[in-house]
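Residues or ranges marked as active site, 4-aspartylphosphate intermediate by TrEMBL: Asp355. Residues annotated as Mg(2+) binding site in TrEMBL: Asp355, Thr357, Asp762, Asp766. Among the features that TrEMBL reports, ATP binding site is placed at Asp355, Lys356, Thr357, Glu451, Phe492, Lys515, Arg551, Thr631, Gly632, Asp633, Arg736, Lys742, Asn765, Asp766. Marked as domain 'P-type ATPase N-terminal' by TrEMBL: 16-81. What TrEMBL records for 790-1041 is domain 'P-type ATPase C-terminal'. Among the features that TrEMBL reports, transmembrane segment is placed at 75-93, 238-261, 281-307, 819-840, 852-872, 905-926, 938-958, 970-987, 1014-1035.
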Amino acid sequence: FSSYLSSFSEPERCLQANNREFNTLFGYPNNTIKTSKYNVLNFLPLNLFEQFQRLANAYFLILLFLQLIPQISSLAWYTTVIPLMVVLSITAVKDAIDDLVKWLPGPPADMLLLSSSEPYSLTYIETAELDGETNLKVKQAISVTSDMEDNLKLLSAFDGEVRCESPNNKLDKFAGILTYKGKNYILDHDKLLLRGCVIRNTDWCYGLVIYTGPDTKLMQNCGKSTFKRTHIDHLMNVLVLWIFLFLGSMCFILAVGHGIWENKKGYYFQNFLPWKEYVSSSVVSAILMFWSYFIILNTVVPISLYVSVEIIRLGNSYYINWDRKMFYAPKNTPAQARTTTLNEELGQVKYVFSDKTGTLTQNIMIFKKCSINGTLYGMHVFLLSLKKVDFSYNKLADPKFSFYDKTLVEAVKRGDGRVHLFFLSLSLCHTVMSEEKVEGELVYQAQSPDEGALVTAARNFGFAFRSRTSETITVVEMGETKVYQLLAILDFDNVRKRMSVIVRTPEDRVMLFCKGADTIVCQLLHPSCRSLGDVTMEHLDVSDFAIEGLRTLMVAYRELDNAFFQAWSKKHSEACLSLEDRENKISNVSEEIEKDLMLLGATAIEDKLQDGVLETIITLNKAKIKMWTLTGDKQETAVNIAYACNIFEDEMDEIFIVEGKDDETIWQELRYRWENPVNSYLTMKPKMPFKIPEEVPNGNYGLVINGYSLAYALEGNLELELLRTACMCKAVICCRMTPLQKAQVVELVKRYKKVVTLAIGDGANDVSMIKAAHIGIGISGQEGMQAMLNSDYAFCQFHYLRRLLLVHGRWSYNRMCKFLSYFFYKNFVFTLVHFWYAFFSGFSAQTVYDTWFITFYNLVYTSLPVLGLSLFDQDVNETWSLRFPELYEPGQHNLYFNKKEFVKCLVHGIYSSFVLFFVPMGTVYNSVRSDGKEISDYQSFSLIVQTSLLWVVTMQIALETTYWTMISHFFIWGSLGFYFCVLFFLYSDGLCLMFPNVFQFLGVARNILKLPQLWLSLVLSVVLCMLPVIGYQFLKPLFWPVSVIDRIHHCMRHPLPPPIRTKVKHASSRRSAYAFSHKQGFGALITSGKTMKGKPKKSKLNSYLENLKSKRTIGYLFYGRTRRGGCGEMGLCSHWFSGQGRHGCSP
């Protein structure tokens, strides 16, 4: 055991049953799960830390400290403190609401199975929330604890001590030792019930908790919550740095100007403009003036920017919550934006990583069609309006089963022999467990949903599988109960791709029934079935089986000679007991009997997709969004769904399958087709942070890779080979993945592609990739609430993703880009007027505007118009957004707001500020009123400049608005009218006389607004500022035409006819759906007798071997790994078969 424990890679965990005092010594966590990133203690420091990662917030904090220095402060300190506090408070409240604490105290922990209600303490579980599979799996307690059953006295007295590995994220591995009554028992993964699994077909079970809360394997795979920020947030940080440099440059220029002015003029006018006592020279004065201008020009980085951004994001989040077209009526559940910080990121998604089970599919298998003896039965696409077949004649029929072809029922009723044999085969050839707690109400537990659908179909057509023992199968055939003797089960595996059962009928005939992949079964048919096989294959390839992407398999049988079977049975017994190369020997023996089969027909099962999945994926492809499917399910199942969803297409040039089991093989599989200098560059510099360039492949390809190969491919240089190959493929399928691998794939794309990623899933096994992606979406499905609780957005149906991205996402991105462009522009214009004014004011840090105008400019005068633009504007409506997915592409390349667009805003702002300063100056320079009085005073000039400024920025936002509503008109023109109302109020006689030190512009409004110079200045400023904008908008389509927009405008004038719904062809080649579990099925378990209720009979190894020679052939498939049991015996020991289990032996 010491060598066994030394294999643990981490310090071991130690615990003892029913000993709380001992266990608390180690400080293990409780079973509470918290999915939020904040708590009461860390909220304030963590939230402030995150907020001050925004450079603008840090900038204003520094500005606040500067304003506390009286020598340089030209503005009161509270002008910065109050806005900063408001910004931080609003953002903190919003973040707290986004991150409402979600405690999950109820779900079970990871526990060691001690006993259960089933024989031999077997427990049947479903692990959909862990690996996406809905097939049934089996766990078994060790025999020393199974004897306690549900005896609470024995369970409470149990004091076994467990030593095991420390918490880790390996879902399929567990190593530990149970010490009980002085003996040691080895524990492995088959003894552990994981948090997230669902117990099926088992009344009760007891266990010893091993891992709790965050230590459970499920939570170890969930990853850490991270602070998600959009690409625009990162860009704004860069732009703020640019603005700082620009601001510093302006302050430096003005400080130098001030030093020159003071040296040449100010020094000689100290009698009129005395220097402060702390100013000893013009150099000192210039240094102080640098910081004074730094404070005055701070509006070039407006603090209201981030408040406005948060309001816009909040508003666009409510649009998602209120969208009735994303409301799922069956569950009364609306779409939910669980964060308000990522809306515009929805308009920039390039890669979508999707789970399969429960996300793309409903996880419901439907028996859709079949071909029996060359005749095709089932619902055709053009017969969708037919009524369902009435199965009321069958008392055991499943009321939820639907079928639409009456001819098949008629064939059953008239006693068609081939049809009867076909459904008899389906009712016998399986490993389904049946439970009948209420008379006539059968409940099936299948290891594969495919099997469940087939057995249910046979049940409805009159061949109901009712029960089984280790030796018999009971079937109700057309109302008559018949018992078949089970002779052998040749179970499914990934190599055989088929399963067979051998039974003895009530008429004493030995029959073999086989079902499997059509490509395999065809090779096993008797030559006389060649013509029937051709007809059946035509049904699979040419008919709707292929068009609809159904999951198909073939059904065949063979009647065996009794003597031949007895001889074969002896060979099979020897193969089962072989200690060397047992699996290959069993497979070879099975092939001897699975030949010369007579074909019965084929089945077609629909793995029912969620509504709208196909249309959604087609639309996303048109929007240039790449779709990767990351699933824990089997490869064959995943590929079938990929074809059904149009992720893979039959027109693809090739599907690459990576299934190597070492570095060299995987390297060759990934690299053989893409050898070129770019790849060499990636290999030479693997650790250098860079962006992998986009490459155009010379064809249309798909990629399939399994989790085992992926573990190697994500290491070292291979990850770049993997990423490059995957990105050159149209679609990628990663199967048999662990939750952590899903996150690693997402992180790989994020790290090297520098694009926006989105992950969508519905189970706890998807949480890690949901957290890793830029945007995480949880579907409220059949696999619990973990994915939804850890997501950024949540809804009930996959097809809502199309609307979320193409409508809400695109609108949010466009609105945010327009907002930022306009917001930076209006503040550049507003601030840079001070720069020009400095040359005419002795560089004295004098403001050009009235103090109240400075206060209200961003807060009141320009806030509502820009918010209206950012909340209501639409370039095209939702119909055209969905009809033309190509409109989504600019967001992926961030074309509407980037560094280039920012520079345009800056240049435009510099030009407009130049116009807004010099046009009013030229207008009032040496001007007089009609009565001869001068009007070129400071207050009059200030009013003319600020009025012209408001008109210019108002007309600018009017040009930016493409979707006019009454709200838009009210916000834009109402804000302009409100300015004049406030102007008359602030400059009124009464207010100025009551507070002369605060309101100093007495009578300026009524005197200036009636002067023609004001209106001349206003008209000239608006015309000169708007001409370049109008000219650019006019010339842009001529030199840089956008075909999609032109097409939309044409369609708006000449509406398109309604789109014609056409049938999408999927499969010109066969894709068998016989993709059961990658492990062996329940064959060995069934024949062992352990599924029988009640205590098993104890027998010695000798009696067991004698049974092998008898015709009952019980225990044929008692095979597995050969290893040393707890008793020291190799292979199959007597303790195991006797059921005593005193030594804790393994099979």
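From the backbone N, Cα and C atoms, a Cβ is placed for every residue, glycine too.
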Thr357 (Mg(2+) binding site) and Arg551 (ATP binding site), Cα-Cα, nearest whole angstrom:
15
Mind checking which residues reach the transmembrane segment (281-307)? Cβ under 8 Å, same chain, six or more beyond either end.
54, 56-57, 59-60, 63, 66-67, 69, 71-75, 80, 83-84, 86-87, 90-91, 240, 243-244, 246-248, 250-252, 254-256, 258-260, 262-263, 266-267, 275, 823, 827-828, 830-832, 834-835, 838, 843-845, 847, 854, 857-859, 863
Once the chains shown are all counted, how many other Cβ atoms turn up within 10 Å of the Cβ of Arg551 (ATP binding site)?
25
The transmembrane segment (852-872) and the transmembrane segment (819-840) contact flag, 3+ Cβ pairs under 8 angstroms:
yes
List the recorded positions among Asp355, Thr357, Asp762 whose C-alpha is within 10 Å of the C-alpha of Gly632 (ATP binding site), in sequence order, or say none.
Asp355, Thr357
Among the recorded positions listed here, Asp355, Asp762, Asp766, which has the most company in the form of other Cβ atoms within 10 Å of its Cβ?
Asp766
Pairwise CA distance, Arg736 (ATP binding site) versus Thr357 (Mg(2+) binding site), rounded so that it is a whole Å
12
At a C-beta cut-off of under 8 Å, are there same-chain residues at least 6 beyond the transmembrane segment (905-926) that contact it? List them, or none.
246, 821, 824-833, 835-837, 840, 848, 935-936, 940-941, 944-945, 948-949, 952, 1013-1014, 1016-1017, 1020-1021, 1024-1025, 1028-1029
At the Cα level, what's the spacing in Å between Asp355 (active site, 4-aspartylphosphate intermediate) and Asp762 (Mg(2+) binding site), rounded?
8
How many Å separate the Cα atoms of Asn765 (ATP binding site) and Thr357 (Mg(2+) binding site)?
11
In whole Å, note down how far the CA of Phe492 (ATP binding site) lies from the CA of Asp762 (Mg(2+) binding site).
29
Work out, from DSSP, the number of helix, strand and coil residues along the domain 'P-type ATPase N-terminal' (16-81).
31 helix, 2 strand, 33 coil
Whole-Å Cα distance, Asp766 (Mg(2+) binding site) to Phe492 (ATP binding site), is 28
One should report the C-alpha separation between Phe492 (ATP binding site) and Thr357 (Mg(2+) binding site), rounded to whole angstrom, as 22
Mean pLDDT for the domain 'P-type ATPase C-terminal' (790-1041), as a whole number?
87
Fewest other C-beta atoms within 10 angstroms, as judged across Thr357, Asn765, which are the binding-site residues
Thr357
